[in-house]
Amino acid sequence: MSTGVVPTESSVRSALSKVKDPELGKPITEIGMVKSVAVADDASVDVGVYLTTSSCPMRTEIVSRVEKAVADVPGVGQVRVELDVMDDEQRTALRKKLRGDKDEPVIPFAQPGSLTRVYAVASGKGGVGKSSITVNLATALAARGLSVGVLDADIYGHSVPRMLGSDAKPTQVERMIVPPVSHDVKFISIGQFTDGNTPVTWRGPMLHRALQQFLADVYWGDLDVLLLDLPPGTGDVAISIAQLIPGAEILVITTPQQAAAEVAERAGAIALQTRQKILGVVENMSWMELPDGSRMEPFGSGGGQKVADRLTRAVGAPVKLLGQIPLEPLLREGGDAGTPVVLAHPESASGSALRAVAEQLAVRKRGLAGMSLGIDTTRRSEQPGNLL
Ligand SMILES: Nc1ncnc2c1ncn2[C@@H]1O[C@H](COP(=O)(O)OP(=O)(O)OP(=O)(O)O)[C@@H](O)[C@H]1O
């Protein structure tokens, strides 16, 4: 581009300050990723960029962001990007910059004053669509401009990566784990740390430790919302979450079916023991629309409202049915293809219903919805996991 303007190193650096690392979400100039900038007489520019690790999965994206930003600087001719890898000292400096100088990482969401809303998505039974709903709510909230993370703690299913269409592995910078991003959602899954489809058979303490690590060692950045996809049932993980993030609120997923509603209600009742707040109930697979426009209810009706009513009575404050999601092939196809239905077909029946639930979560003011269950748990069963 010959505009007569001569590019300077400072104009190039100022353009680079607008380039963010795709995973860390920070300007590359701030986190020590710009190694060098050289502007030649012929107005071509050489930029040296440090990657955090040599196996950085985002290298192509980083190069293209840098090339584009520099090429847009008036007067710049050819742009060449040369990659290098940070040494240990640089990585330590980066980790300290992002996480502070603490030896033991803390769980940011458990700190007083944390602005991240943490929603634990729970169901009594497997297969009611908990992961599908988690992923759709996450991407719908991200599409609304919120900064969103998903922690897939479903040791039996860990289907979040597939539903988000990404098999990218997290990047490790010393002890800090940087989550991959798909559809603008940062995500970490137990599945990223195991081989293929090997079932995870961790129990109690090991699982607790893994969750603690995912919450403390993962660099989530400043999230507006963190969604946790819990394994079905209550048990160990729900108790761990309650201990690790006492402020997490429970979103209960059920189908309209009586039996599913009963177990979902018990899953919600775990909150009574852990004193967590219940955010609301979502009923999935509520009806199927037939070609003539009529609705068929393969799983019966009323389960979601029943769970909401029973939980309302149990906690003594309103628990709302936040939405009913129809059974629709597009939703399953979105999950299989890795593009959630709220993005692939936002106007579909299931897409609209899910977006309406996301809207309620997005506009929710902190501390207003959900109720603190001021119940003395000490006199209840000592083994809350036995509830189910
Ligand atoms: N409303 C829906 N319409 C069509 N298919 C759906 C719907 N909800 C979920 N499914 C499909 O049902 C299957 C189970 O859903 P999903 O994996 O989300 O359930 P889950 O409760 O997370 O299960 P698990 O706890 O076993 O991991 C998936 O194939 C998903 O695509």
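Every residue, even glycine, has its Cβ placed from backbone N, Cα and C.
As written in TrEMBL, here are the features:
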- 10-81: domain 'MIP18 family-like' (DOMAIN)
- GLY124, LYS125, GLY126, GLY127, VAL128, GLY129, LYS130, SER131: ATP binding site (BINDING)
Contacting binding-site residues for ligand 1, chosen from GLY124, LYS125, VAL128, GLY129 when the Cβ sits under 6 angstroms of any of its atoms = VAL128, GLY129
Task = Would you mind splitting the domain 'MIP18 family-like' (10-81) into helix, strand and coil residue counts from DSSP?
result = 20 helix, 18 strand, 34 coil
Ask   = Which value does the mean pLDDT take for the domain 'MIP18 family-like' (10-81) in this predicted structure?
value = 92
Inquiry  = According to DSSP, collapsed to three classes, what secondary structure does GLY129 (ATP binding site) have?
reply    = coil
Residue, out of the binding-site residues GLY124, GLY126, GLY127, GLY129, whose Cβ gathers the largest set of other Cβ atoms within 10 Å = GLY124
